[in-house]
Amino acid sequence: MAFSPRPFLLVLAFDELSNVNITLAIPYAWTGDNDICHVPVTHHAFDAHFFRLGGILHIADVSAPRMGSSTREDEPWAFECRENLRKMVVGKEVTFTVIHALPASNTDPDVQRDLGNVEFNGIDLATDLLRSGWARTKENNSKREASEEDVKKKELETEAKAAGRGIWRAEGHPQRTVHTSMPADSPAFLKQWKDQMIDGIVEQVRDGSTVRVRLLLSDDVHQVVNVSLAGVRCPRIGGKEGEPTEPYGEEARFFTESRLLQRLVRVKLLSLPAPSSAPFSSAAASGPPPPASMFIGIVMHPNGNVAEHLVSSGLARIIEWHAGMLAAGGFMERLRAAEETAKEKKQFLYAQEKNGAGAKGKPLTGSSAKPSDRTIEGHVVRVWSGDQITIVDKAGKERRVQLSSTRAPKTTDPKQAFYAAEAKEFLRKKLIGKTVRAHVDFIRPQEGIYDERENATIKFGPNHLNVAEQLIEKGLATVVRHKRDDEDRSPDYDKLMAAEQLAITEKRGLHSGKEGTLPKLVNGSENHARATQFLSGFKRQKRIPATVDYVAAGSRFKLIIPRDNVTLTFVLSGIRAPKTARNEHEKSDPYGPESAEFATRRYMQRDVEVEFEAVDKTGGFIGAMYVNKTENVAITLVKEGLATVHAHSAENLAWSKALLDAEAEAKAAKKHIWTDYTEEEAPAPEAEESVPSKVEYIDVILSDIRADDFGFSVQILNTEGIANLEKLMVEFAKHYQNAPSPPGYAPKGQELISAKFSDGQWYRAKVRRVSPAKREAEVTFIDYGNRSTVPFSSTRPLDGKFKSLPAQAHDARLSFVKLVAPTSEYYDEAIGRFKSLCEGRKLIANVDYKEGGGGGLLHLRLIDPADPASAKGEASINGDLVREGYASIDRKGVPAKYIANYPGMMGQLQESVKLAKRERQGMYEFGDVEEE
């Protein structure tokens, strides 16, 4: 029984991916034989009453080579036959006539099967296939006589054979290898084809976000793979075991089928499914991995990324952990925008969802509701762990904040303990004492033993770098996997995921699969006897780099000596700070808590230098502590009125006068301890004669300028040292050109060595610090001032014959002035201006002051002899920088006595400041904002 012709679409006719009109029936695939699958539909594709019913129409009287499967290969010309018909009719409008229904298949009993004829643009499809040679007539095995139509079709087949068309070509069918199963070595396949755009044909749509694609790797190699759309997940389709289909699963599959099935697409493979996001998962695997069930990738239709349209249509949700692989290129950003569109339109999966719904953190109410109050500007005074710090804001309030969406390694996990320490140390070096800007993203409420905590995005430095992103990129932290409905997360979440993906790819830190070893620290203050053993060695080294681990009181600290792996108690000599109560049963001295708080905020976790003098009876070391090489901590505490001078112990100190002057200053200002102090009137001292300005001119050239924390090094010209250096370097280069490294050699802190610079040449260097775990050392090239981090393999012991010549580079700073702070937006301009004035030029310098004697930091007034104004006595580059608004007078970092020696210079600098303010130069562009 025949049926009347009916129009339908073979798959879909559409102009845009998101604008689809459905008519009567939708065939969605061609099986490669003479069969066409179709789906009858009577509603709009996204109507709530939509249902899917597949069907197959067999084209009568013709057959074609069969496509292969997992159990058989493609028949000759099968792929070419299907390609011809696919390109001809998929997505086009045709009409069909059903001759009769066929019995249901045993494998798919619910699929309707019919036999019939199909017309396309008024042409009978079977006739066209026979004429072009892409099909053959079926043999008539019945007893009925051949009809006129049968004879005509046979003649068309004979004509195609004679002309050598289609499958009848004389040269024979192309030889092609088709792999129908996933690659056995999936990681190797991914490595070969990752991030490349590969042409492919979608063979099957399992659900809205999972497709089976035939990748056209070359003319003679095809690979069939399963691809999960990167960044999205659609509702699941029920399985044969009776698993129910999730809501909107059929709609999502139809959405993808109608756009991709048997369409030519471009596929970019990105990753394999991650079995776990836990660190050290790579180390847990043993033996070769089994073949993956699918790849994660991007499938591009000519009209765009289908994943974006699935999300914007409300038929898919975003997979957060894919953000890492999608952030670069803006894919994730577009998915987020698509998600917002779906939420606004309340489509399908987002029908009951509101923007921002699901946030579980404490709402920002009251003062925190103001955008200005959600921003913290202040300096970091403590690093608690690899994801928590304390910031003191401008009002002086301490705020302990957590890095948003960031999880540091656990100190309690033996596998992660090393990286937990590394993460904390990374934050300490980057942030402690630095000014930062933190934006509070949400407040995590109190839960069990955990206090309420502000979670913030913290940025630092002139480039406003996100410290969490840097931490994660180095493999020292991971990104929190938030629940789908949890909106409490970092606004830079996708960037954090991208940073983690990079760390995983590069196998950094936690993702390396390696377990680091924590250094074993020795307690040097265990008792008096133990401390005495260390004292003589410490005293010989003079100033020793240390880190303040804890502040017990204003003048009592716990220090770590990194290069010796020693912890110790350190007491400042020459002063006495008020006692601080150690428990509720003790009572603090007046201003004891204030003294401890000041020391904590100013020195906690800072890098310092210490000089040792003696040991007390409890094993505590007594000595001097310096910050930034010049600030004597004892003097600072006395000057702030938070400690008093201990006359007996101070009288033998080289800096006792500075201590007494600081105490006199605190008394006069009635600071803290001295609030109620009344000084008896003393006779006015006789006026001292003014000390004439000191003149010590030298010719110099700047050999290194350091921009991170402004400083520079100079070489003093016209001396025997420079001439001797040139001779030494000739012999030095020959000696170390092929010098082997002694077996197991590792440089030590403060050791003079030979090190290879970035230009590939060897130079004399001094080790500042070493990292045994990383097998690298931070060095200063002593003849040029450059600083660098070099691997142990680029170091050699320094031969004794090269040690006699003194270092030819001298660390220096500008006299009287300081450049704008590194956090200032004018800092880069200031550095650039300084370089333009000094770099590559022979200058004259007056040595105004030397710290710590002859080998210390030089305070220099730089003069350009080519500048006509240099003939004037007080003209200098120092003054030029002040006049241009790139520097200010340094009233804290310069000793008062040395300032007093140059009244003329100070007067001219003050005039330069006034001129810069009046002309709105540099930092004064928007008014008087001179840094304190």
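Backbone N, Cα and C atoms are what each Cβ position is placed from, and that goes for glycine too.
Bear in mind that the values here come from a model prediction, so they are computed numbers and not experimental data.
Taken verbatim from TrEMBL:
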- 57-170: domain 'TNase-like' (DOMAIN)
- 196-352: domain 'TNase-like' (DOMAIN)
- 374-513: domain 'TNase-like' (DOMAIN)
- 542-676: domain 'TNase-like' (DOMAIN)
- 745-805: domain 'Tudor' (DOMAIN)
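Counting Cβ pairs under 8 Å to the domain 'TNase-like' (196-352), the stretch among 57-170, 374-513, 542-676, 745-805 with the most such contacts is 374-513. When DSSP labels each residue, the domain 'TNase-like' (57-170) comes out as 39 helix, 27 strand, 48 coil, counted as helix, strand and coil in that order. Note on the domain 'Tudor' (745-805): mean pLDDT across this stretch is 90. For the domain 'Tudor' (745-805), DSSP puts the residue distribution at 6 helix, 28 strand, 27 coil. Helix, strand and coil counts under DSSP for the domain 'TNase-like' (542-676) come to 43 helix, 45 strand, 47 coil. Sorting the domain 'TNase-like' (374-513) by DSSP state (H, G, I as helix; E, B as strand; all else coil) yields 40 helix, 50 strand, 50 coil.
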